[in-house]
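> Input: one structure, supplied below.
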Number of protein chains: 2
Amino acid sequence: MNNMLQPGATIGILGGGQLGRMLALAAHKLGLKAHIYCPDPQSPAFEVTPHKTVADYEDEVALKNFAEAVDLVTYEFENVPAATAQKILELNVPLAPGTKALATAQDRLTEKSFIEQAGVPVAPFANVESQGDLEEAVQTIGLPAVLKTRRFGYDGKGQLFLHKPEDVPGAFKALGENPCVLEGFVAFDREISVIIARSANGDITAYDPAENVHQNAILHTSTVPANISDHVAQQAVDAASKIATSLNYVGVMGVEFFVSDDNAQLVVNEIAPRVHNSGHWTEAACVISQFEQHIRAIANWPLGDTSRHSNVVMTNLLGENIAKVTQPVSPGAMVHHYGKYEVRPGRKLGHINQISPKID
Amino acid sequence: MNNMLQPGATIGILGGGQLGRMLALAAHKLGLKAHIYCPDPQSPAFEVTPHKTVADYEDEVALKNFAEAVDLVTYEFENVPAATAQKILELNVPLAPGTKALATAQDRLTEKSFIEQAGVPVAPFANVESQGDLEEAVQTIGLPAVLKTRRFGYDGKGQLFLHKPEDVPGAFKALGENPCVLEGFVAFDREISVIIARSANGDITAYDPAENVHQNAILHTSTVPANISDHVAQQAVDAASKIATSLNYVGVMGVEFFVSDDNAQLVVNEIAPRVHNSGHWTEAACVISQFEQHIRAIANWPLGDTSRHSNVVMTNLLGENIAKVTQPVSPGAMVHHYGKYEVRPGRKLGHINQISPKID
């Protein structure tokens, strides 16, 4: 990881969704090539580069050919199978962020234990591998609480909110009897996130925290600046830095926080070892986007400037809202369409960034 | 041209250099596909899309297949052969900007006559088809003057500066006895350019004029705001609008001006019926770049916001200066590498945009 990739080198990207697509576009701006690996032949990222592999993540022959065609591998999603990551490394191709970040983010129990050990506050949590475990955990943590599968949850999937004692029986079964964690409910009035980048030599840069609003458990808007004190903002950046350093992380990471009602304390909700939806605003309000910053970090280029020239609100375009992209553009607004042409309710198809003059 | 291209449609781009590449990247951001047509198999634009045709511009079979694969054709350079443009139209594929813009910009005599007829000032000029014509033109226009080939000139190529009477004999021969124009020398203290966009329904938007500095006849920097009065800025935008309207132009056009020593008058130097090097700053200082604006105009989408959130200096990276892309990034700076890997002196390989807070 200590060699700098030169323009003309090829970055392999596992995953062909909008994040992989935007990473490829950012790589192109730096004169780097992009090779997308994804099992879905309809992947939108395939439309922005001539280099692709359509194969399952477990296909060892395809992985070998992919590894031979690229100089470095990164990924757009945290559920890259451990065996896939291992295979890349065995083929002597660097993988960034590394396997520790992947393993940590793939399992909520590992993730929360890790964050706690890094000295960063998380909500109280307990391991739940049976209905008995759950009942015991409720005794310790109390209600309300949230039961979450340890693996493969996203956008509110694989979660069950336990309001009162009657919600507890059957809850473990309702989530498919998969290994879970029970998380204590955090009374918060806002959610924020920090997009942070760390380079191989330990340099860290962070974008300003964004304030995130979810609808139906899917991100709706990210607003910057967030309505938080400078002290909380600094705490959030410090916490994200601690996590990145403890993971020996290389690349861009998103860290989501809950901010308590008194706007004085925060706990980490979760980490994403990749570019993050709540960082799409950087594309319009900073000269170097999170996508470019990720490429810079993994290519071992000096990190770019994360300062913000404008205030901004990013709004996701889900499902039919994507029709807004061809409508008149307000002053200060830009649209981004992900090149996904099948419109399904709730599907992330694009976003709008609305900037305005910076007033701090 | 009155139908709006929908996301998923394919834009064909004649020319595979950095302008074609940046147009393709902008198309991707809007969910449009890009198909690059270029005879040079090493074209940098081929690296940012899976759709390409490697063929001569005169290859009728290749043009037919290309036309069938795309929904609309545009170009990144004004020297698209007239027969190529005609062939596209015969195949019933829209071409934007249209053939009038191409024909006008390809020939300096046609261009200057057209601009004059549109009521916009140009330097005095005369047609030169022989050494005798040249001597006659020098009588009328005087010296100093500049002799330019009517076709295929760029970056100072195909030009001869005539300082004194001794420079006149042999000048026509020195430019290969090609048809030329003689242009009266304009005493100016700065060069500016306006990047303007016009849609099929006649809507016009303009970016702020940039002040351009050339070195060895190649653009070195573009600075915005230009050091000109508001009156001159408005005159420049009005002149560019007149030209675009007279051409019934659709797309982005660059118009270069000389501003006279007293900062009160301007004349058009030349027009470029395409995105322009002196508009690369829009990528960093506006939410909608000239590349996206061009795609919006030709796709018949509403034009985007051209307002500027920051001051900016764009510096071209020529030849070995491209090495700067992997160096540390100053606050407010972003680099762009064009994906051209053969470094030759004077070759345009990238640019740096340096933004700073807007102070008008």
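Cβ atoms are placed via backbone N, Cα and C, with glycine included.
Remember, TrEMBL labels are computer predictions, not curated facts.
Computed from a predicted structure; not experimentally measured.
So TrEMBL lists the following for this protein:
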type	residues	note
BINDING	B:Arg108, B:Lys148, B:153-159, B:183-186, B:Glu191, B:His214, B:269-270	ATP binding site
DOMAIN	B:112-299	domain 'ATP-grasp'
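Context for these features, please: burial, neighbours, distances.
Under DSSP, B:Arg108 (ATP binding site) is assigned to a helix (H, G or I) in the three-state scheme.
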> Relative to the Cβ position of B:Glu183 (ATP binding site), how many further Cβ atoms are located within 10 Å?
23
> Over the domain 'ATP-grasp' (B:112-299), what does the predicted model average in pLDDT?
94
> Through the lens of DSSP with three states only, how would you label B:Asn269 (ATP binding site)?
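In the DSSP reduction, B:Asn269 (ATP binding site) maps to strand.
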> Near B:Arg108 (ATP binding site), which residues of its own chain have a C-beta under 8 A away, given they sit six or more steps off in sequence?
B:Phe125, B:Lys148, B:Thr149, B:Arg150, B:Arg151, B:Gly153, B:Val181, B:Glu270
